[in-house]
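Asker: My structure is below; once you've seen it, I'll send some questions.
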Amino acid sequence: MAVCGRVRRMFRLSAALQLLLLVAAGVQNSHGQGQGLGVNFGPFAGQAGGGNPVGQQPPQLPQLSQQQQQQQPPPQQQQPFPAGGLPARRGGAGPGGTGGGWKLAEEESCREDVTRVCPKHTWSNNLAVLECLQDVREPENEISSDCNHLLWNYKLNLTTDPKFESVAREVCKSTISEIKECAEEPVGKGYMVSCLVDHRGNITEYQCHQYITKMTAIIFSDYRLICGFMDDCKNDINLLKCGSIRLGEKDAHSQGEVVSCLEKGLVKEAEEKEPKIQVSELCKKAILRVAELSSDDFHLDRHLYFACRDDRERFCENTQAGEGRVYKCLFNHKFEESMSEKCREALTTRQKLIAQDYKVSYSLAKSCKSDLKKYRCNVENLPRSREARLSYLLMCLESAVHRGRQVSSECQGEMLDYRRMLMEDFSLSPEIILSCRGEIEHHCSGLHRKGRTLHCLMKVVRGEKGSLGMNCQQALQTLIQETDPGADYRIDRALNEACESVIQTACKHIRSGDPMILSCLMEHLYTEKMVEDCEHRLLELQYFISRDWKLDPVLYRKCQGDASRLCHTHGWNETSELMPPGAVFSCLYRHAYRTEEQGRRLSRECRAEVQRILHQRAMDVKLDPALQDKCLIDLGKWCSEKTETGQELECLQDHLDDLAVECRDIVGNLTELESEDIQIEALLMRACEPIIHNFCHDVADNQIDSGDLMECLIQNKHQKDMNEKCAIGVTHFQLVQMKDFRFSYKFKMACKEDVLKLCPNIKKKVDVVICLSTTVRNDTLQEAKEHRVSLKCRKQLRVEELEMTEDIRLEPDLYEACKSDIKNYCSTVQYGNAQIIECLKENKKQLSTRCHQRVFKLQETEMMDPELDYTLMRVCKQMIKRFCPEADSKTMLQCLKQNKNSELMDPKCKQMITKRQITQNTDYRLNPVLRKACKADIPKFCHGILTKAKDDSELEGQVISCLKLRYADQRLSSDCEDQIRIITQESALDYRLDPQLQLHCSDEIANLCAEEAAAQEQTGQVEECLKVNLLKIRTELCKKEVLNMLKESKADIFVDPVLHTACALDIKHHCAAITPGRGRQMSCLMEALEDKRVRLQPECKKRLNDRIEMWSYAAKVAPADGFSDLAMQVMTSPSKNYILSVISGSICILFLIGLMCGRITKRVTRELKDR
């Protein structure tokens, strides 16, 4: 740019401005367009100053006073006034121009145009006429070329006379004294006014400011009047084809188009990687300086003024010009449907210039001037990149705000406006244009308004519409940091409009613009209050916020100290290769869950914020950068069909063993974290809110969870208030926990040392539980002095064992073995509440061998430790509290059996106890008490049965039947006899407790005793029915079982419930002193029956006689147990003579054969025998 005076400036106005001031001797009130500053000028050009006549060379704008005085007018037209100045005023016309001075309106070449275009009341004021003429653009009101030429020469002649400067010194006296730079300008050179224009923003004196503003408007009407502009941009104008600089080829208004064309060339260059045409550095500075000096009044941007004049009237009619207010108003309405396209384009160009130089925004430069200086965000600190200025300054000031520094409210307001502006229109960010052009054309064409393009690109980044290049993604991330919408959701217009209804309902308690609005929206994600459009926009923005911890202002404010101390982070707008933004949050959450022993923990406030972010990230895997990055392939491979909320993470957890190593580690770490703080699972917490409120509020209120909340949810999983979503979520987490014992936080913390010592290299939780529980059981059975498993681990191990019994899926080995059986026999049964396990038990005889074996093992474990029998514990929970509050877990079932027939016993519990008794009686191994009591008797009397037995299949009551027969013979040990008596008594009351009877007499029971078997309460009626119908039984095995029953009843009256009931009073009267057992009371009753002196109850007498007959019959048909029984049967048989004859004859025949056939062995000599 040419030197205008003794100091070279980035931009100077021509001397015309300074000399124009000379005619002003005061300020008067005028009318119409001249109102406000009533200075009446002599003959000079107006704002619309146009081209020169054809053939005239463009005037060389003066650089020195001598050049100004030597400037000659065009030769084609007579110069209306001398170069030295204006004609003498007629009639002493005052400065207002209302006297008899020279009138522009009276000149012949302009009279017709003034009369046609300008209101009559303005004719006497030259300034008003100039404003009127230069603001004309309609073709029908076009100014004649002669008038344009007059105006141009008028302005040009003014630039040649330096004597008018004194007037400006009078009008701006106090201002000049305040601005030292202007006061030091030499007098009479014309530089002082140019200096005042440079400092127009600092002028507070009203008259001076108005005067300088009006003069600036006049000069800005023609780029050729700007000092040095044409020298600096001449080549660029030709290169960019912005219009000829030859005289006469452009009309008055096209001179603003030249500047506009240069501006477009400047912004286009910034948007191309390899621009074909580059604007020279001098011209760039000139263009930006012109834009800066026109930043306060939109009249000074001639192209924008004419393009937006109608829109200004439509949208900003009541907005007063000055201080950039009209610009801002038009910016706010840029995307209105009724905004003209030419105005929108001009506004966009203006905004792009602001993006390159913040001073092009008057309001931003003025409001933030002191803050920029205070926080050293001045130009000297800027990077050299051409597009970084506005973004750098915004980030510099935002950094100060985030550090808690005080930035003026006016400046913050301006920052908010321009951040919103950048978010609304992607084209204002050169980096987006450069890096995302292909993606925009391919995915987001036609979405150019209200921030929709940026959100479209965000959607692509999230993987919902294709893929995005890394450069584009990085450009988007940078733009999000520059605009910082996390600090105020209103910056993102697309989000603001989409979520307005949600904010008004769900977040109305939070102040508008508060950063917590975004958190509130995240908390209501996937709820009834959330609308779909808001959900999409919110997740699109959160995708980027989650990748840079600084973009969450609340997190940054609460954690910047911890991040600096623990993660070695830098300032808000600084980055580090060693600790990239995405890695900082990972660092924070690793420290958030450290124990006090591990040290270096986060502050309480920061920890709460980290937990908040973790809760939000659990909503969507795409909000967890590390998870999405490492698991992208696995998500596509295993979870492509899992599109519902929260399903993707669950899917990854379900396929944990199949995932790639890096993805498995990430998912494993996240799951381990969830086990410590299940509130991270925000969707699960939302589903379980009623249960938490009613049953777990104490542990939920704890700031440190440590797995207590999940444990509480598991314990209350089957409460009536439990909803399906919560139950499914809790069960799923339990299933995930089975994959690795680390996923059970309390178990891990209680048993990690024991696992390392006793179960090394075991990973799966179920295997760890089996390993530890086996160790505990062995130590207990061997009565070891000291348990190898620590006490705290044993306690938590018990909790884990009990939890695993609730669902067959929590016991993977059993579940895998029985999958096909579940499908075949339990397809209609729901998982949970141990219902599938119970179903398998009921269908045990039909199960596959492998499943049957697993179920038998499970039952054996449950009988040894009834507390592990989930169904029994659930059904009999209240009865256990009533009858067995002090009972040990091992003796729980025994206690319940003893109280089974109590009147206070719950029928459902009684039914369940009976079920377990039936199970126990199928195999002695399922009855630990019997097994221990008969340890010596079983191998002694039932050895043959044991040799045929298999380890994992039932003996169907054979051993117990064997022991019952020995009980009748009174050959058992006392402990074993006591247990068999109890079993015999119970099975006498309920035939279902006798497996052998059920097995062999099922048809007879169905045919002969169907009514008795259908009775709800079994009191021995089926057994009595079989005894009565003994002669009708054809099946030998069934008959044998009934005979055995008769034999057992003879051993003890308690074993015959019908007889015992009938003879209860008689026993009390006649046999009270007799000790029960070994048939003693039965013998007493028999003696009483034979004694004529004793009168028994009729029912007792009848039953006794029936029993005697049955026993007599049984004795006849019962098979011999030994040789003595066999001899007795032969001697009492009616055919005994025949049997004895056959036996004797057989012996005689054998003797005769021996006599006749001789010896069988070979004869040898005596010598050989004696040897």
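Note: Cβ is positioned from N, Cα and C throughout, glycine not excepted.
From a predicted model like this one, the values you see are computed outputs, not experimental measurements.
Feature list, courtesy of Swiss-Prot:
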- ASN157: N-linked glycosylation site (CARBOHYD)
- ASN202: N-linked glycosylation site (CARBOHYD)
- ASN573: N-linked glycosylation site (CARBOHYD)
- ASN669: N-linked glycosylation site (CARBOHYD)
- ASN778: N-linked glycosylation site (CARBOHYD)
- 601-660: repeat 'Cys-rich GLG1 9' (REPEAT)
- 904-971: repeat 'Cys-rich GLG1 14' (REPEAT)
- 1-32: signal peptide (SIGNAL)
- 1138-1158: transmembrane segment (TRANSMEM)
Asker: Let me check the 10 A CB neighbour count of ASN669 (N-linked glycosylation site). How many other CB atoms are there?
Answerer: 16
Asker: Identify, among the glycosylation sites ASN202, ASN778, the residue whose Cβ has the fewest other Cβ atoms within 10 Å in this structure.
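Answerer: Ranked by other Cβ atoms within 10 Å, the glycosylation sites ASN202, ASN778 bottom out at ASN778.
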Asker: For the repeat 'Cys-rich GLG1 9' (601-660), what is the mean per-residue pLDDT, to the nearest integer?
Answerer: 87
Asker: Fill in the CA-CA distance, ASN778 (N-linked glycosylation site) to ASN202 (N-linked glycosylation site), as an integer in Å.
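Answerer: That separation, Cα to Cα, works out to 92 Å.
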Asker: Cα of ASN202 (N-linked glycosylation site) to Cα of ASN669 (N-linked glycosylation site): how many Å, rounded?
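Answerer: So the Cα of ASN669 (N-linked glycosylation site) lies 60 Å away from that of ASN202 (N-linked glycosylation site).
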Asker: Where DSSP helix means H, G or I and strand means E or B, what are the helix, strand and coil counts for the repeat 'Cys-rich GLG1 14' (904-971)?
Answerer: 47 helix, 0 strand, 21 coil
Asker: Treating G and I as helix alongside H, and B as strand alongside E, what does DSSP give for the repeat 'Cys-rich GLG1 9' (601-660) in helix, strand and coil?
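Answerer: Helix/strand/coil tally for the repeat 'Cys-rich GLG1 9' (601-660): 42 helix, 0 strand, 18 coil.
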